[in-house]
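According to TrEMBL:
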- 1-117: domain 'MAM' (DOMAIN)
- 119-210: domain 'Ig-like' (DOMAIN)
- 217-312: domain 'Fibronectin type-III' (DOMAIN)
- 315-413: domain 'Fibronectin type-III' (DOMAIN)
Amino acid sequence: GSFMLLNTSGRFAGQKAHLLMPHLKENDTHCIDFHYYVSSKSGASPGTLNVYVKVNDGPVGNPVWNTSITTTWSRAELAISTFWPNFYQVIFEVVTSGHSGYVAIDEVKVLGHPCTKTPHFLRLQSVEVNAGQFATFQCTAYGGTDSGDRLWLQGIYVRDAPLKDIKVFSARQFVALFSVVNATKRDAGNYRCMIRTEGGVGVSNYAELIVKEPPVPIAPPQLSSVGATYLWIQLNANSINGDGPIIQREVEYRTSSGSWYDIQPVDSTSYKIGHLDPDTEYEISVLLTRPGEGGTGSPGPALKTRTKCADPMRGPRRLEVVEIKSRQITICWEPFGYNVTRCHRYNLTVHYRYQAGGQEQVREEVSWDTESSHPQHTITNLSPYTNVSIKLVLMNPEGRKESQELVVQTDEDVPSAVPLESIQGSTFEEKIFLQWREPVQTYGVITLYEV
């Protein structure tokens with residue numbers, strides 16, 4: 001029969017020659033074998049003989065088999081597991097080394113039975129993973145393998161993957177596992193199983209590695225309604241970066257200050273976040289998940305919003321008198337914090353009333369010393385010896401609460417002037433008669449009149 005012979009004499013290194021087999025559309029297990037010869041008188045390699053298997057007129061890819069020196073004619077098998085309706089083409093390539101010699105191929109045959117020294121792979125299935133995960137290809141083969149065989153996952157325009165594990169079930173079947181670790185979009189593409197044995201090479205069909213990016217919302221959620229302990233939001237997650245389909249939606253919310261956060265699953269486009277603290281700023285994001293491990297994307301842009309204030313829990317407690325004088329009273333009360341005010345914006349007002357000149361006087365003063373560890377306030381400009389009713393009113397934007405009323409009497413003081421009604425008398429009689437009224441303000445109990 002005919003054969004191919006290449007004389008490398010006079011060729012410089014790197015020149016190439018190709019021999020292309022016809023397109024093959026086999027529908028059953030078959031084997032391609034050929035004889036080859038690579039030799040030179042000097043013993044130096046005249047070049048490299050490469051074999052490629054191109055599928056469906058796609059890229060040539062990397063060699064599936066090669067050799068650079070032999071001493072005699074040798075035989076190799078190609079166990080190619082690509083079947084109709086797919087087709088493939090075997091390409092023989094010689095790359096010269098610059099040394100004189102001969103590279104020859106003879107008796108290239110397509111045999112209608114399995115290879116005898118090289119395993120045949122079953123159909124390789126495509127794999128879909130989410131970015132950042134391990135993509136595992138399972139390559140099942142019929143035929144034997146030993147420790148001297150080389151197994152790898154060959155990719156087109158992507159990195160090859162080394163053998164992860166092999167499970168030998170019998171002398172006629174084994175399964176090889178390969179992992180593309182931390183898969184990214186750059187790793188997506190076509191891969192096939194490869195085994196190089198002493199007798200030849202086994203090649204599977206191409207399967208696709210599909211790498212999906214977990215979905216991330218483009219816009220933050222929208223605020224629908226605000227309460228003291230709840231927030232209604234619209235997820236606003238129709239526009240995403242990444243890949244669908246969306247199989248789960250979650251709301252992640254946290255306080256803007258502090259480390260508290262929570263995640264809740266959501267089964268509709270709107271959601272009520274409850275059991276929140278009043279007058280507190282929260283950051284709310286939406287998490288989306290697609291199928292598969294690692295399918296949850298990063299939190300989308302955050303909505304920053306604040307709950308309303310709530311009605312104070314109670315009024316101030318333990319209102320007590322610190323000091324009483326004739327014209328002022330100093331009071332104190334039990335300190336309180338956010339758990340009572342339920343709002344960071346509030347004020348405390350001192351309300352008091354008393355009788356003066358026969359009329360009731362009502363006053364109020366704002367005490368700003370609400371953060372003191374011993375909060376107190378002094379009421380001034382009071383009338384001596386007067387009952388004063390005092391209460392504290394705690395107010396925030398949502399409501400008010402009052403303390404119990406405290407009644408205190410100011411101390412006595414010097415009475416006001418004594419008005420004279422009339423003066424009667426006679427200088428002849430050497431007597432003067434005086435008459436007067438009670439002072440307008442006694443400021444206490446009068447115990448003595450002196451002239």
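Note: Cβ is positioned from N, Cα and C throughout, glycine not excepted.
Unlike curated records, TrEMBL annotations are generated automatically.
Taken residue by residue, the domain 'MAM' (1-117) breaks down under DSSP into 0 helix, 58 strand, 59 coil. Note on the domain 'Fibronectin type-III' (217-312): DSSP counts are 0 helix, 44 strand, 52 coil. Confidence over the domain 'Fibronectin type-III' (315-413), given as mean pLDDT on the 0 to 100 scale, stands at 88.
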